[in-house]
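As annotated by Swiss-Prot, active site, proton acceptor applies to D1466, with the evidence given as sequence analysis. The ATP binding site annotation in Swiss-Prot covers L1355, S1356, E1357, G1358, S1359, F1360, G1361, V1362, V1363, K1376. Per Swiss-Prot, domain 'Protein kinase' is recorded for 1349-1604. Feature annotation from Swiss-Prot assigns signal peptide to 1-19. Residues annotated as topological domain 'Extracellular' in Swiss-Prot, with sequence analysis given as evidence: 20-891. The annotation topological domain 'Cytoplasmic' is assigned in Swiss-Prot to 913-1620.
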Amino acid sequence: MKLEQRIFFLICLVINSFSNCSLLVAPDGYYNIYRENKIENILNLKPNGNKSQDSYYPDVCSKAVKNKEGVKSFILSSFPLSTKEYANVIVTKGSHMTLGDGEYHQIFNINRFLNIVCVEGSLVFSTKDVVYMSALVILPGGNFECIDCTIKFRDLYPTNSLIDPFGFLPGIITLGGSLSLLGKQKTVYSAVLIDENILEVQDISSLDIFNGYSLFIFSESFPLGKASTFTFNSNQIKVLEIKIPKTDKSIRVFFYSRFSTFSTSTTASIHITGNSNVHIENFYIDSFGRTTNDQYSDTELIFSQDDPNLITGFINGSNQRFRSSLYIEHSNNVTIKNSVILENRGETRSPLIFFGSNVNISGNIISSKSGSSLIAQYGTENIQSTNNYYSLSLPLLKSLNSTLDSMDYGNEGNGIFSISPKINSINDIFNGQIIAINHIILSDRSSITGFDKDCYSPCYNDSIRVSSKVQHSVEFKITGSTFISSSNYSESSFLFRISETGSKQSSFYKIINSNLSYPISVLLENNAFILDNVYGFGNFTINGLIKRLDIINSTLDPSVTSSISLSNFSKAISIQNSFMDYRSFQKQNNQIYGSIITPYLYYFENTMNLIKVSKMYPNVNHQILAGTVLNMGIEIIIIAPLFGKMDCIFEDESGIQTIPFNKSSNSCVLPYLFKNEGSFNVRVTLSLTKSLDNIIFQVYFPMVTVFNIYSFYSGWAMIDSNIEKEIIIDGNIFKKGCQQQVLGNCTISTNSKLITGLPSVTESDKLNRLFSSGITSINPYEPVTITIPIDKESKKNQIQLFFTHQPIDIETSLLSIYVENQPIFLLEPLQSNLDSTFKNLTFHYENSKSLEKIKITFITRGDIYLTSTAIYSSTNQPIYNEVIGINEQLNILAIVLPITISLFAAASILAGYLVIKKYKKPNMYYNRNTNGNIGMKVFSTKFKRRPKKVIPLSIPLSTNRITKKSLQSLDSMAENPVILLSIPELEKANEPEFNPEKTFLQESELLDLPTPKVEPEEPRINIVPLPRFPTVYKKEDNDKLLKELNITGPITSENIESFFEVDVGLPSLIIKNESEIILQEIDYIETGEIQEMEGSFLEDKSTDTTVIVTKSDGLPKFFQTKVFSKRFNDISKFDNDFFDLKEYIVEHQEESFEIPFMTSEDEVDETKINIIDFLLSPKSNKVALNMYLKSFQNRNHKLCYGKYGSNKNSILVIEGTSYYYDCTDVRLPISTPRSNLNFGITDGNKCIVDRKYRERLQYINVYSEPFRIYTLFPDSNDNVTITTSECCKEIDPFGSLDVDIFVTLKTTTKFNEKVTIRYETDDKELAFSTFVYLNLESQVSSKIDFDEIVLEKYLSEGSFGVVYSAIWRSSSVAVKLFKHHYSKDEIDKETSILSKIKHPNIVSFIGSLNFLNTYGIVIDYHPRGSLNYYTRNQNIKLSMVQNIRISLDISRACSFLHKNGIIHRDLKPDNVLIVSFDPDSSICAKISDFGTCREINGKHELNSKAGTTRYMSPEILEGLPYTYSTDVYSFAILFFELLSGRVPFREIPKREIPRFVRLGTRPRLDQDVFADNDISLILLACWNPNPRGRPTFDTLIDLLEKLLKKYKERAKRNKKNQNQ
């Protein structure tokens, strides 16, 4: 084969396995072109239309000269070259060539003619001499490394007459190999301006600055960088040629050398595709990029009409897209770190473009004169940008005459332009842009990209019930990033702009955990926008138009509050637990009923430094009967002492009531009597006097709607009128007969569909019948309208709408409701976590026009079904309808009380002296959550009054209108009156102020209303009889046994037990000894009814019985001899490795290995010899980690080699058969249509952890005699549970058999396993075997597969267990394995706390694991280790600035914990991890070890001692409960140790420390460092013996920030004095 043919063959067949790759013959003078349909194959998408998906590359390597075989050096003599002036060379596959420093004189000759370098093998440049070339092409499998090397690109030699029509060259093309550009030293640094030509730069002592370096400065005044010479003294640099304006605050410097550089003297580009590996670090890419900021104009091909592979001409484009400094597509293994990309040759589109690649870049300078600093094209779903400096000099901005189809974006002057990813920007600097982050939503991209199902983020399969393209909600995180907008632009600039393209699909878009000081623009006319945990200050404001705005857990400064006119751009607003300025806040008038306006309004800017509102009740919209008392109140946190008396002034439309503030409970509660019907807006004002002149806070309560008793007027059930009967509940008739017609009492719009057989969502059969059918839209997001009669005589009506949510996926589904075209609820979120749930929406309707019928419209994506409606009239007597008979008795439909979903907690009807005691808190429904439901199922609760608890008689009550019948449950015939509730299970994540276990209402004011949870129905148990067998068999009875059990071959120790375990028709066998076999007497097995699961065969609703396939708990004793263990475990190399280890231990007992094992060589208990026993004793078992690593590949053959696993006993099933690899082989007697089973998960989707999936395996007997089928499934284990309906079955001649397989993946894992199948006739003359392959991969979850963990290094050991560093899915992590004495509850507590808290100064929780009954957690790994190492190591001395900064980070972490109701309880240097010693870095320290942490609630006091005695507070040593002040004391001891370098209480015996601390002893402040009053006062305050006298961590943060600033300034002065 010719070389060019071989190269083309590789390109077409190796690069990404392209199926449609062909060589196109170009006209003379041009390179031939190869064409590939890469996108369809890589993205697993199918074309949807006539759009071309082809990409073209020049065939530049086909005539390259290959190297001589076996040569190592990339020099002239390594290639059979003539004395040409230019040459194209190729490093062939298998060759490893280098270019080093000592080969310069030979390189010089090559430089004169080196043109194109192709790499198919390996090529490493480590020379410090400049290498000139025109093009570098890395072919599939090729590897190119440039280590501290410099390459300069120039035009292709003119003597080479061939032209690249697509403009790739000069430059680099990487087509599926590996590209590494590495500099040995960091050259990018942050700088602080000391004077106009003096810069302070930290941590540059290791950089040999005078060794050929020049200085580039990037700042507000120099967006494209400014070069200068400099002088250097310590960490200060004096700039000689330029002066830096004092207004420049964000400065980066780059020390440029001629090493580690790619530069070009012409227009060039770097193009990376084909799933290439890219690592660019400490490198400089200079002057690349040729795509301008004008409209794209791509080169087009003209093909011959006779030959589709013949190009007859070109239409040359003037501006080929994606020829940038760095273009990366379909390559997810990309690292770009601490590098500089400078694109200043002209006005370009963008220096950095990603296409179908997830992005993680950090510490870079990206500078250009372009339309955007970074562009993320479709397929790039996530951007993680950290500490990057995006610097832009605005080009001449032009409007593009382009459409969406052209995908011509990003020319507007952006920092990051994105059309699809989720963006996380941390500590980035955007300098000179008009828009820092510009995000355009293309919710359905199919019409643009030409791909089927190309919707935003991964598309899910269409539901059985709903055909819909599904979107994820979208999250943006902007934390600590700075935006310096262009001063040369007159129009508005935005930190963030998000807009949609007119899609009718509604979704959530969120900015979370961000500090925003710049304007944002939001154009989401059909969507909801959420600010979650956002601090808005400075110039922050919101412009645009949205349908719904939610402000959650956020704080807005006064200037921000005044600039946000809420009612101008949002139709519905929800403000929860958020602080806004009173004088600037404008309450929305005529709010939509579903909105919640509950801001905490502060009066002065420093208010929140003194006092904060912690909670309020009610905290959701409330509905209540007239004449009922409702306890309304707030609770606050006092941060600093307040002088004078404080009052709580409650007021509404009817008047004002004032009560004194209760200092003991830090609350004020008012029993509020609502006498009249209507809607009431109550607010409470906290004032230092009874006057409103000294207001501190003002809080609006949610709307309280008061109504009189209503009569049931009409009810309608969405049921099939031809089959179902009308439904009567408590005498109230729910009529059938709603039809798609114009006339009639109840009509439905024609764009709806009726779905029957909805799953049960309540405990009541009656109610389930009412909710068993429902209507929804045929097409997603189309409004469905139902017209129903209403009492025209009643002005006030109450309407109940009952919905069943049958979710498509785990994403939030949105519901909007309109009555007579007026919005009632807008984009209310429903999330059911794949379980069907019941939702009730109840609201008032004012029939002011005396209508006889009303139109109710609802809009969903198609997975929410309206099942029934009920209308209540306020007239004295119900109005009868000529079609429907109405019960005359007063009846409130007690299905549920009025509740608004998702944002509304349940409110019970308060009858007589009933006052609610407990309330649930609203859920952060925006957060994705796999456990909690937004709404619980309906249940009934009997009304029980707490004994001896009464309401004061001074509160008037009204009970005369409530009857026993009106409160009776619809699904209970109990004599006692009951109230039926529907309480949404609303856990409010990230909101510590709402704690359901801690209420501030007084016990004397409460009545108990128990609310039992609904548990899923237990499966029915079927008893299946089995044949009886004799109890004992002797060896001589083996043949008889074999005959009875239809087993071939002798019963041996290798096969007997495991074989029977998987056979449903056989009892379990245990071999007692070598002469007896005992058969357990089992008369039945349990098989549970399995509910219908999602999969390929969901339409089959038959009930299946299953048998759980489980792994054996242990081998019988006969199997436990050393000889057998070796032989038995030959099947399992993993176990074999550890038996080898066991032998090693026996032979080396003098090393005292501390692992449990039997000393007798004749009997070994396998259950006690496993990997955990070794890994949990690493100090005494030196070989443990090595043996673990040795066994890793054997345990993970699927991960390491891509192979399938199988049951270790498969060899026993296959033995003695005719084996066929493919189960669809026509030579087999049993036909199996499919060899690969994917459980209905296709198109690259992944299954959900802990969800059961079903697949059906079908057998068809094509022979005229019966066969018996034995099926051996993989063992269930910690990662997967596999069950099946059949393991052993006979199939009749020409008959068929269906076997259902159920698989549940319990962790984040890949399940690629073989099912072993054996077919045999009764006489055993014909026996065949084959495999069926199971394929399933789970989505990423918090449960981790231990088999994917690669332990690398032992780190530490404690009483809890052992910590290792490890690799998990290419990420460095730390794995904490708990010792066996730790209970699962203790571990679950730590895991629960870690999973809830997300903060930069708290170690990040990645997941938990369970392996061989040993639990562990996985967290992020920080190689610098714990603070304890540095405080106890006398050879290491941290500076004061470093010590204070570390203490500040600890305080920030503890403040966050306390705000979330968590006490750490074990704060000490061991539990502080060091991230960086640079005080100016974003993170210096993180706290860890949450095994002793506890969440505080109102019922349980934390009395149990936890932590380390040396750091325990005196009140804990005295046995008093833990409080937040406990951590403050521990911090003081830690802070002392950090500053002094001494172990606290080192002079006191450890056992005596508690006694001395209780007596008031504290560490001595006798060192110079404590002469600073600012430091000593902090310590004295923090270890105050009175916990109430200790400051909060918020106060400490302020003090430490001031202290840090002081010592930084002192350090600068000292350095300046030293330099002088």
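Backbone N, Cα and C define each Cβ position, glycine as well.
A map of Swiss-Prot features onto the structure.
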residue: L1355; record: ATP binding site; DSSP class: strand
residue: G1361; record: ATP binding site; DSSP class: strand
residue: D1466; record: active site, proton acceptor; DSSP class: coil
Fewest Cβ neighbours within 10 Å, where candidates are the binding-site residues L1355, V1363: L1355
The one of E1357, G1361, D1466 whose CB sees the fewest other CB atoms within 10 Å, among these recorded positions: E1357
Spatial separation of the residue listed as 'active site, proton acceptor' from E1357 (ATP binding site) - C-alpha basis, Å: 17
Whole-number Å value for how far the residue listed as 'active site, proton acceptor' lies from L1355 (ATP binding site) (Cα to Cα): 20
Rounded Cα separation (Å) that holds between G1361 (ATP binding site) and D1466 (active site, proton acceptor): 16
Mean per-residue pLDDT computed across the topological domain 'Extracellular' (20-891): 81
Alpha-carbon distance [the residue listed as 'active site, proton acceptor'; V1363 (ATP binding site)] in Å: 18
